[in-house]
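Engineer: Have a look at this one.
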Amino acid sequence: MVYHHHNHESRIIHCRKQLTSWRRRSLLLTIIVVTATVVSLISQEAEAHNQNAPPILYVRERNWRISETEKVGQIIDRVRAEDPDGDDLIFGIEPRFSLPGGENDASPPEKIPFQIDRETGVVTLNESLAGRAGQNFLIYITVTDGSYTAKNEVFINILGERENSSGYRPQTSISNVVHNISQFLPRFDQLPGVQSIRNGLPNSRPGGWYPPVPQNNIFGPPPFGNNYPPPPPNIPGVRGEQSGEEEQPDEEVTPTTPVRISSTTPKSRTKLTPITANNSTRVESAIPAETTTPSGGHHNNSSSPITIFSLKSGTIPIVVTVGGFFVAIAVLLAYLCRRRLCAISRTLKKTKEKEELAKKSNQSQLSSTLTDDSRNSMVMQQWQGPVAFANRYVPWERDQQMGIATSQLSTGVTNGGVSSPGVPSPGTGEPGSNLGPGCLTGGAGSSGAPENAFAGEANCDRWEFPRYRLKFFNILGEGAFGQVWRCEATNINGNEGITTVAVKTLKESATEVDRKDLLSELEVMKSLEPHINVVHLLGCCTDKDPTFVILEYVNRGKLQTYLRSSRAERHYGNTHGKSNVLTSCDLTSFMYQVAKGMDYLTSRGIIHRDLAARNILITDDHTCKVADFGFARDVITSKIYERKSEGKLPIRWMATESLYDNIFSVKSDIWSFGILMWEIVTLGSTPYPGISAADVMRKVRDGYRLEKPEHCRRELYNIMYYCWSHDPQERPLFAEIIQMLDKLLHTEMDYIELERFPDHNYYNIVSLSGEKL
């Protein structure tokens, strides 16, 4: 009994599975059948409504009256055609067989004496018409696009020689008559696939071209003065002229539309037949077909029913059905995957909110740092540069440093919690503490030697500052291998809160030599005590690449740029904020302050080697600070440094012994200071204007010196000239220069007459020879 019950339950479960499987298969089969049905309906509808439009044929004259004396090769007419689909068109000529019945029917000639160019549509005479005067016959001018053929009837009337003077010959070239312009530039109504009807076409035809047509539509003999055989009756496309009455349609029933032609040409019919179909097949048109009456001339008012195919009536239901089918499928899929879609939307929303908060915080911090003077000042234009992305330091080699950080962390855990190398320890990071963040500590078992000797020495000094406290903004300036960024440092140099600083670093393209130069500059600045005329070092980051040298931020920037920008303000003035117009006393004070700063560096045994206006920074209160110690060397022992490396050189600022003997000393800095004085007097002009670097070296060696500017007095120029003595021992010291400039400052004389400054004599040149400007 138990076995029977168990067997029964298993059968029920098996039946349920089969039923579920059958339902799934039925649903899938239904979807496939519906899709196939929709596709077949669309394909059938597309085949039923072939969008290929027939060509449109234009024949200027439907009645060619040609003299039998015409020469072979004469152009009879020019036929035009166009195709809305842009298909290639082929022209042709066919004989027109008249309707049966009637003795006066025009019979086609044995051979059509015309030929047409298949591409251009030019109809020419290909055989002589001599002896064929009086013949009348009909031909078809055809054009095909490969799918449909359009035909226009043309009535041919061959005239005798004596009738040539009084007869009419249709024009074969472009006429100057105004009314013939409409033959070439017709206006079209928007009717799909057929020829359009010209608005205002007269219902009556002017007399004189065709013989009068009697009431029974039988043509009589033409009024030519001779008894030629009459034209055929019931000519399709030719309607008799009925005065005061409407035109009577012909007996032939053809779905055609009249061609819009000149008012002087008769109306005709265009017969459209597919090439592959029988010529008797009716071509359904989008316009009602014309109906005819019997030859009795009575007009039939009742029109026969005609099926009008509409593209909208067939395609709209199909499109709606298919669209509804796909919408239903989309709704079903969205319902089934609603949980995943909601999770994706929540993730995107959170990401967008985080980005907006980050942007708002960055904008608020930037706006709180920049003052109105820094925004509006014309001098601050040189500070504009690319903005850092996300205000976050990103190391160059992430993968390598991730491995280093992992090894350092594991080492710290092994040593019982002692700080590992390179990992910031809790602290202020201020220069006043001997063990700040980033300092190397650890016991005997600690591993992780510094990458280089310079970094090893710097990691345990008071200048190390944690990188995460730096927030980068924009580039203040850059050279071939270095960059200076404007940053914000938190709690640096004993100052609580945020301090704006300048961070000097190297580009990724820098070489090992450039890296050593930056570390050498850092060592030079570490040996200096704070001085008002020397840029102050605030800290550094040397625990790993890239090395950061943190300097005080001088908001006015380079003295060279400041002097050049003062030229425009001297002429046009400053309408915003504090005026920057410089005076003779200001310029002399700049020289005095630079001399004070260089005297301090000299007393500490420092040779600058690149003293120029571009390496002097200036503050809002016109305080000058010597900066850029990239070439500086500590030569306190020998007093002389001999250059061994190659690179860009400030040729126009270098002394003769530096140019030719590679010898640098305090006296070579004195020479450069004289050039700096000339720069200040000329408001930032390039020394030796108009002379190449090679000529400068040769002329300076031969005794040539910078000439005295016109607006500079002799007393000030003499100080410059003393600095350019060929013998270094004859040049003054910085202490002596300070005394001479101090005397000039205490007099009321303007030694720089800026009102006489010749703007046209001094200009700035670009570096073309690899020199440093």
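Each Cβ is built from the backbone N, Cα and C atoms, and glycine gets one as well.
Straight out of Swiss-Prot:
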| type | residues | note |
| --- | --- | --- |
| SIGNAL | 1-48 | signal peptide |
| TOPO_DOM | 49-315 | topological domain 'Extracellular' |
| DOMAIN | 58-172 | domain 'Cadherin' |
| REGION | 196-302 | region 'Disordered' |
| COMPBIAS | 243-253 | compositional bias 'Acidic residues' |
| COMPBIAS | 254-283 | compositional bias 'Polar residues' |
| COMPBIAS | 290-302 | compositional bias 'Polar residues' |
| REGION | 352-373 | region 'Disordered' |
| COMPBIAS | 361-373 | compositional bias 'Polar residues' |
| REGION | 411-447 | region 'Disordered' |
| COMPBIAS | 411-433 | compositional bias 'Low complexity' |
| DOMAIN | 470-749 | domain 'Protein kinase' |
| BINDING | Leu476, Gly477, Glu478, Gly479, Ala480, Phe481, Gly482, Gln483, Val484, Lys504 | ATP binding site |
Engineer: Ten-angstrom check, please: count other Cβ atoms within 10 Å of the Cβ of Leu476 (ATP binding site), all chains counted.
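Structural biologist: Result for Leu476 (ATP binding site): 22 neighbouring Cβ atoms inside 10 Å.
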Engineer: How many neighbouring Cβ atoms, not counting its own, are there within 10 Å of the Cβ of Val484 (ATP binding site)?
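Structural biologist: Taking all protein chains shown, Val484 (ATP binding site) has 20 Cβ neighbours within 10 Å.
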Engineer: Run through the domain 'Cadherin' (58-172) and tell me, per DSSP, how many residues are helix, strand and coil.
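Structural biologist: Going through the domain 'Cadherin' (58-172) residue by residue, I get 3 helix, 47 strand, 65 coil.
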Engineer: So for Gly482 (ATP binding site), how many other CB atoms are inside 10 Å of its CB?
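Structural biologist: Excluding its own Cβ, the number within 10 Å is 19.
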Engineer: Mind giving me a neighbour count for Glu478 (ATP binding site)? Other Cβ atoms within 10 Å of its Cβ, every protein chain shown.
Structural biologist: 14
Engineer: Determine, from DSSP, whether Val484 (ATP binding site) sits in helix, strand or coil.
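Structural biologist: The three-state answer is strand.
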Engineer: Far apart in sequence but close in space: which same-chain residues, 6 or more away, have a Cβ under 8 Å from Ala480 (ATP binding site)?
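Structural biologist: In sequence order, Lys648 meet the Cβ cut-off.
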